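Swiss-Prot annotations:
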{"type": "BINDING", "residues": "ALA213, GLN214, THR215, GLY216, SER217, GLY218, LYS219, THR220", "note": "ATP binding site"}
{"type": "COMPBIAS", "residues": "571-588", "note": "compositional bias 'Gly residues'"}
{"type": "COMPBIAS", "residues": "600-611", "note": "compositional bias 'Low complexity'"}
{"type": "DOMAIN", "residues": "200-392", "note": "domain 'Helicase ATP-binding'"}
{"type": "DOMAIN", "residues": "403-564", "note": "domain 'Helicase C-terminal'"}
{"type": "MOD_RES", "residues": "SER52", "note": "phosphoserine"}
{"type": "MOD_RES", "residues": "SER54", "note": "phosphoserine"}
{"type": "MOD_RES", "residues": "SER55", "note": "phosphoserine"}
{"type": "MOD_RES", "residues": "SER58", "note": "phosphoserine"}
{"type": "MOD_RES", "residues": "SER59", "note": "phosphoserine"}
{"type": "MOD_RES", "residues": "THR63", "note": "phosphothreonine"}
{"type": "MOD_RES", "residues": "THR128", "note": "phosphothreonine"}
{"type": "MOD_RES", "residues": "THR312", "note": "phosphothreonine"}
{"type": "REGION", "residues": "1-100", "note": "region 'Disordered'"}
{"type": "REGION", "residues": "571-636", "note": "region 'Disordered'"}
{"type": "MOTIF", "residues": "169-197", "note": "motif 'Q motif'"}
{"type": "MOTIF", "residues": "336-339", "note": "motif 'DEAD box'"}
Amino acid sequence: MSDNVQQQVDSVGSVTEKLQKTNISRPRKYIPPFARDKPSAGAAPAVGDDESVSSRGSSRSQTPSEFSSNYGGRREYNRGGHYGGGEGRQNNYRGGREGGYSNGGGYRNNRGFGQWRDGQHVIGARNTLLERQLFGAVADGTKVSTGINFEKYDDIPVEVSGGDIEPVNEFTSPPLNSHLLQNIKLSGYTQPTPVQKNSIPIVTSGRDLMACAQTGSGKTAGFLFPILSLAFDKGPAAVPVDQDAGMGYRPRKAYPTTLILAPTRELVCQIHEESRKFCYRSWVRPCAVYGGADIRAQIRQIDQGCDLLSATPGRLVDLIDRGRISLANIKFLVLDEADRMLDMGFEPQIRHIVEGADMTSVEERQTLMFSATFPRDIQLLARDFLKDYVFLSVGRVGSTSENITQKVVHVEDSEKRSYLLDILHTLPPEGLTLIFVETKRMADTLTDYLLNSNFPATSIHGDRTQRERERALELFRSGRTSIMVATAVASRGLDIPNVTHVINYDLPTDIDDYVHRIGRTGRAGNTGQAVAFFNRNNKGIAKELIELLQEANQECPSFLIAMARESSFGGNGRGGRYSGRGGRGGNAYGARDFRRPTNSSSGYSSGPSYSGYGGFESRTPHHGNTYNSGSAQSWW
């Protein structure tokens, strides 16, 4: 045995001696195959060198620019960027605190982002592919355009109370940042809507705002424009130093400066897409978090930078509890569709976010509330969240736009399918049609019926997965599927261009829901048509529906008037609901600033009497849209 071992040792020694004589040695660095034939001066550096592309385990410390926006965190992340440390640059955001930021280069520029460097806003390079994705090509039908009735917005009555601030009549610098104006122009905006004319100077002057405006009037841009303009001018805020950063493992935490809360996933995604347009080539990085999607993917997204965050309340609370998001740096808080969030039971989550988490105090931030309706309980809630705010009411809250031609027809439940097909056969091929039903089962059943009848249709409701809902919206927006059957999930806030027809297959029990449903058409000054199937099952909203039609100067069919009289016989039906919630009539807080006493039932303290959102003192009612079964073209 010892002889065999000695022979093996001798053989190994001889091989080693031969290798030394032939000058063959193990390479000290790994050289990739594609670089082995190149001169040594041009060889790719080995993995592990300072110049190399880092491996997965060290990528965060090697690419500080990837995580340069609004982050504090563990010490090992501070090697490339000054996160939460004393070496950060001086900035002038709300007092010019030091530290917290180091905006690197390549990553953001490659993705259409700029950077904040040495107190200056450095605009990123243009990205033509990203521009086409964000803003579309010329005459792109998937992008909303200004309608032919856009100029009529100037006739809409506007009430502003709580401040003497002059409105702006066009997009100019000042008050808006010059780079933001370029993105506004790329987006196709030519003139501000009434809500934008007033919200821009109010927010840029530093005031809180409660804004009531008709659906489709540009509320989203109404808060994005002034917020982003201030952000572009003042730069990022310093990240607070995490006192526990060095005590064991702690997850990386995002510190956004703007938080936008919305009730539904679809609305959050829509706000996020609008934010991407106006943040293009700037230092501001927008992110979105919402339920129904992979939270790990959303965490990876905010790990790459999060300055402007759009979120649903439930998912945001989850991420706050996980320690992934801090609200200690919030300068702007936006509550969009606030009444809807309370209707959906989000008040505990909203109060936890605003009052229970580490949110900045009401004195340290600007708070904005935007919605189409603001009932009394919402205005009372505003006292806890807003300070010395300006109340803005554009048009009569709870009404509909005269840009929408409304028609109510009497259809029994058993005849609805046949009646629907009659309508769809008369519609032009261009344009999109949105059909609202009350139940998820009916949405799927009606979609199958339309597909079997050779109509391209899809559906969206709460039982569909987030991926299915996003896919359905994509097909509908692009026009590949021109008909969408939806439940209430699509009735609020969604801005889908080119929706020319809305059909209420099932009428809702709440007149506000009807307002939001038909508001999916006739947006941004464009015209639209809305038809409602009405029968005895809907008599509870007959009276309010008549008021709505009269305010918008629409035709009221005789059967609807008779049904309203029948439902109100011996009582006031459901009309009493509005005396407490704030819709039409009485001292409806939804139409005026509840801080101001008034003797007027309209909610406006002065000025002439206006009719609905049309804003005209007198107007001849619409005629000629009575249905005639002998002529399909007489629908509109």
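A Cβ is built for glycine as well, from the same backbone N, Cα and C atoms used for every other residue.
The shown structure was predicted, so the numbers you read here are calculated from the model rather than taken from an experiment.
In terms of DSSP secondary structure, the motif 'DEAD box' (336-339) contains 2 helix, 1 strand, 1 coil. Note on the motif 'DEAD box' (336-339): its mean pLDDT in the predicted model is 86.
Of the recorded residues, LYS219 (ATP binding site) and THR128 (phosphothreonine) place their C-alpha atoms 28 Å from one another. The two recorded residues, THR220 (ATP binding site) and THR312 (phosphothreonine), have Cα atoms 16 Å apart. Cα separation, ALA213 (ATP binding site) to THR312 (phosphothreonine), rounded: 22 Å. A distance of 20 Å separates the Cα atom of GLY218 (ATP binding site) from that of THR312 (phosphothreonine). Candidate recorded positions: THR128, SER217, THR220, THR312. Fewest other C-beta atoms within 10 angstroms, THR128. Across the motif 'Q motif' (169-197), DSSP helix (H, G, I), strand (E, B) and coil residues number 13 helix, 0 strand, 16 coil.
Under the DSSP three-state reduction, SER217 (ATP binding site) is assigned to coil, being neither helix nor strand.
Its Cβ placed at the centre, ALA213 (ATP binding site) has 26 other Cβ atoms within 10 Å. Between the CA atoms of THR128 (phosphothreonine) and THR312 (phosphothreonine) there is a gap of 31 Å, rounded to the nearest whole number.
Here SER217 (ATP binding site) is positioned 22 angstrom away from THR312 (phosphothreonine), judged by their C-alpha atoms.
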